[in-house]
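Now, the feature entries from Swiss-Prot:
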type    : residues                       : note
BINDING : Gly157, Gly159, Lys160, Thr161 : ATP binding site
REGION  : 1-71                           : region 'Domain I, interacts with DnaA modulators'
REGION  : 71-112                         : region 'Domain II'
REGION  : 113-329                        : region 'Domain III, AAA+ region'
REGION  : 330-449                        : region 'Domain IV, binds dsDNA'
Amino acid sequence: MPSSLWKHCLNHLEGELDPQEFNTYIRPLQAIQQGTSLQLYAPNQFVIDWVQNCAESRINALLSHYSSGRIEKALLEVGSCSLQPQPHIQAVELTSKSARSSSRVVDRIPESRLNKNYTFDSFVEGKSNQLPRAASHQVAENPGSAYNPLFIYGGVGLGKTHLMHAVGNYIRSRNPSARVVYLHSEQFVAEMIKALQLNAINEFKTRYRSVDILLIDDIQFFAGKERSQEEFFYTFNTLLEVQHQIILTCDRFPKEVNGLEERLTSRFGWGLTVAVEPPELETRVAILMNKASIENIILSDDVAFFLGRLIYSNIRELEGALRRVIAYSRFTHRPITMELTREALKDLLTLQEKLVTIENIQKTVAEYYKIRVSDLSSKRRSRVVARPRQTAMSLSKELTDHSLTEIGKFFGGRDHTTVLHACRKINELKSIDRRMAEDYHNLLKKLST
């Protein structure tokens, strides 16, 4: 009964929930009956937290309905009801057999191209990347079965590639014989074109359909390239049929990439799609402190927070600014102080001061949500105004040095508790509402260009 009961619940929930939420938090749950309860095993704590906050009461109601009252509630726990050996071991053994049967094919497997510096240990975790990090680690522990494919999307320089390499390095550290291949989508296209020119397309197909783990970066570059999409489509299907892990990254949600065929974007949704958001201030500071320690540099809190507020939407640019400060310190033989930091980044500071003001934030938010700037300072409380107002307050706190009280004055004289509530509300929504997270990310990009 448990499997059919849970299947009924799944079918019902799939019709009620947003597809992204269902695939991310509900589909991965595994069910087994325990007395008058149904034990639901989740891959990680983040899934449990979401289910408890957003779906637990509905699940309990459905369980009671479909079991005629025999099952009273669901119990949530991190784990798996499977007693089978770790899937990653099985997958590697499977491909090892095929490898022994044809050493010529193995010789054609491309090199891994993994960056050894990109590991889970070197990845700085924060609220903005908790779910992608947890999902990636789950895939590394159970490749081919946890989430397949794993699709990670987000802006440039937010850690997508780092997570992808971290999975590959983790798997290789546990099983050196695993055939893990990383490449950029443009490289896939270039190699396919060369194979066509050399009349060696069959060899090309064999190379990428014989790997254990395929990691492809920036799949938006497949857009408009019909032959490349066709080849990748069949490679994708072949690997999934034998439960070999695929991880893909993109700069936006897959269905928003113009020129990608529907048959591809629909398959990307078979596994798990997660977004990497721009890191919050505390995470940016932690990243800076981590990079400074690697360089044996002691970075003061005031300098770290100054840099974290200065650059907020791109980790690569953040690290680049730190490298400039360190280099300037070494060239001038002076310690890293606020004064030196301002000297080293004076051109960037001049540009930022022109761009990021509360007035500019209000104008950008108003244009984005198609409301008047004056609405943000008005007493109107309708949702069409309240949510943009809260968003603008949150952006003002993140991107400027103004206090909560000062920010409130720009929004109709609201007090600091109202601003604080707005910031907390937006942070909460970003973690559970994909549309809110995308809106916030888009606004950050607009304000940083």
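For all residues, glycine too, the Cβ spot is worked out from N, Cα and C.
Keep in mind that this is a model prediction, so the values were computed, not measured.
Feature annotations (Swiss-Prot) mapped to structure.
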residue: Gly157; record: ATP binding site; Cβ contacts under 8 Å, 6 or more apart: Asn314, Ile315, Arg316, Glu317
residue: Gly159; record: ATP binding site; Cβ contacts under 8 Å, 6 or more apart: Phe123, Asn129, Pro132, Val276, Ile315
residue: Lys160; record: ATP binding site; Cβ contacts under 8 Å, 6 or more apart: Pro132, Ile152, Tyr153, Gly154, Asp217, Thr249, Val276
residue: Thr161; record: ATP binding site; Cβ contacts under 8 Å, 6 or more apart: Tyr118, Asp217, Thr249
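According to DSSP, Lys160 (ATP binding site) sits within a helical segment. Looking only at the region 'Domain IV, binds dsDNA' (330-449), the predicted model's pLDDT averages out at 88.
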